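Scroll down for the structure; my scribbles are underneath it.
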Amino acid sequence: MPGMVMFGRRWAIASDDFVFPGAFELFIRMIWWIGILVLYSIHKGKFNCTGGGLLHSYLLVLLILLAAIICAVSAIVCISMQGTISNPGPRKSLPKLLYTRLGLYIPELVWAVVGAIWVSDTDVHCERTVVNVVFWTVIASWVIIIFTIVAVAIVFDPLGGKKTLYLADDINRNLESSQSGQLFYNVKKTATRVWETRIRLLCCCIMQDDDHRVAFTSIAELFRTYFSDTDLVPSDIAAGLTLLHQEQDKVENCPKEPEEVLCHSHPSHTDDLDIELENAAHYMQFAAAAYGWPYYIYTNPFTAFCKLNGDCCRNSPTDFDIIGGDRLNFHFGSILKITGLQYRDFIHISFHNKIFEIPFFVALDHKKEAIVVAVRGTLSFEDILTDLSAECEDLTLEDILENGFVHKGITQAANYIYRRLINDGILNKAFTIAPEYKLVIVGHSLGGGTASVLAIMLRNSFPTLRCYAFSPPGGLLSKSLADYSKSFIVSVIVGKDLVARLSMPNMEDLKRRIVRIVANCNRPKYQILLYGCWYEVFGGDPDNFPTELDGRNQAALTQPLLAEESLMMHRSPSYNAIEDESPLDAPPQSRHLYLPGKIIHIVEKTSSRRWCSSDVKYTARWSKETAFSNILISPKMITDHMPDVVLKWYRSWIVSSVVSGGSGHAPCPRIQVVQLLSPFYA
């Protein structure tokens, strides 16, 4: 860091990124060189076979070529280990060494061709062992050459030749001519087009229509805005994340003041916490069931197929009508197994899936006397595109003053389900069958966000409506809508769930923290990554990496340091929005959006790590949306979001409630716990 400049362009690799690949190549080359040297020594003077003269020359030149490559790679590794992440000065000679190393690929390629010709020559009658060694030597040469070409393609930055122009013009765009402004516009347009091409390649296996093209452009613009203002390479981000994780663990291990602990709780809502947790534990089954057979097979890998196909793995036919196709009855069979409902309890099931159109089902829950609308979370490329369409748009509702901004992609998905429920008469049919039942909308992840927006849309028509959003996206509702939804929406967040903290301001804050801690760490990157891997796998105490921040007074810390400024090309609109909300005139991506409704946060209370077992206890509490204003770095930040993990945490909480007599706010009768546990182990 910053990205290395070679051949007149910037590359997505830094000068301190050659330690590990260089050490690996050095290890392979040394073994290779020693093997060829031993072979040459053993057969020295025995090259009088047909083709032996060429073999002698081949091995001798190969030894010299390998020795030159070993010297070049050794120098590259040694130089790459010098300096720190933000101080590339000691590594300024590295590009010259890389030019030398790349130059050695030419004779290596030529010699690989010579070896291939010699091995394929049918007139060669040398000792079989020698022929086999040369054959595998040729194979190894071609493998290394191919891997090098692939590596160059990976680190190639299509905008590498325009980064400097982008920076210079952005700084002076208000001071220079209209021609410079046009150049700046062209660079931004090119960057957006590059991201759009990447997204199209990733989604090449799905059918693309006008909605897809609009989403591709919107997402490409989002990525372009986020990544264009820093000079970071992937390894810098990895180093920054491991430093932030250790720094975060050090803060968490410090004793907290009582006031700091209480500041995240809602005293006025403590009475109904156990009731809401019981309801959430029940409705999480519906949210998980919406995923269909992929979730059921994932959680029951050995028995799922037999259970879905009936006794002795025989198909169980059904006449139930399912929108979107379920030829083998796997989706509906999985929903039946997970929820424990009967065929007659389902009003409508749709597995139709396009961008902004996600699957859902409507069923009668006789246990809770509710009509449940369960919305599926992310499970396809189309769902990912819906997630990433993160621009803000207005949500206009009649007779509601608290109109505000919402996540565009999720709102369009909610509009689709709203039209199906109302215009197609699905809810009318359900309430005709069970007029005394209440309406409950549930979902996990993308489904949780969609369920929340859908609940806001339906609130006027169904005043008793309730919504349970499990692990919904963080950047969902504006402050006014989030406050409005507190009376009928409950969000449930587990641990350090990443998705619940995802929003553009939070992502900008994470980028700022990564740049700050990486730019001012006084250790080489390879040491940071080595200890970071050890810490993530084996644990231990967080390393006390010295930084330029040490010993500075608080006033000085409010200003960006020199190394930090060198890595920020310019501040994006959403970066500025962290310090100045200005919600009305801020760009669409930079507005602050929040989690919906009241928030229950289930966290790990105590944990003792052992080799064979672990004793983990959990606690649940009401939290404010401000508790999720930062992305927490942890190995569990992804797993805490998974639906099976959410269900597992509920089981652990229920079991701990038996021991402690409740969540800490109200007693939890043993008979109630048995009722709660029964569906999880069905």
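Heads up, the Cβ atoms here are built off N, Cα and C, so glycines get one too.
Caution: TrEMBL annotation is automatic and unverified by curators.
Database features, via TrEMBL:
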TRANSMEM  26-43  transmembrane segment
TRANSMEM  55-81  transmembrane segment
TRANSMEM  102-121  transmembrane segment
TRANSMEM  133-156  transmembrane segment
DOMAIN    372-504  domain 'Fungal lipase-type'
Long-range neighbours of the transmembrane segment (102-121), counting only residues six or more past its ends (CB under 8 A):
51, 54-55, 58, 61-62, 65, 68-69, 72, 131, 134-135, 137-138, 141-142, 144-145, 148
If we skip the immediate neighbours and take only residues 6+ beyond the ends of the transmembrane segment (133-156), which ones have a Cβ under 8 Å from one of its Cβ atoms?
11-13, 21, 25, 28, 32, 35-36, 39, 55, 58-59, 62, 105, 108-109, 111-112, 115-116, 118-119
DSSP says what for the domain 'Fungal lipase-type' (372-504): how many helix, strand, coil residues?
58 helix, 31 strand, 44 coil
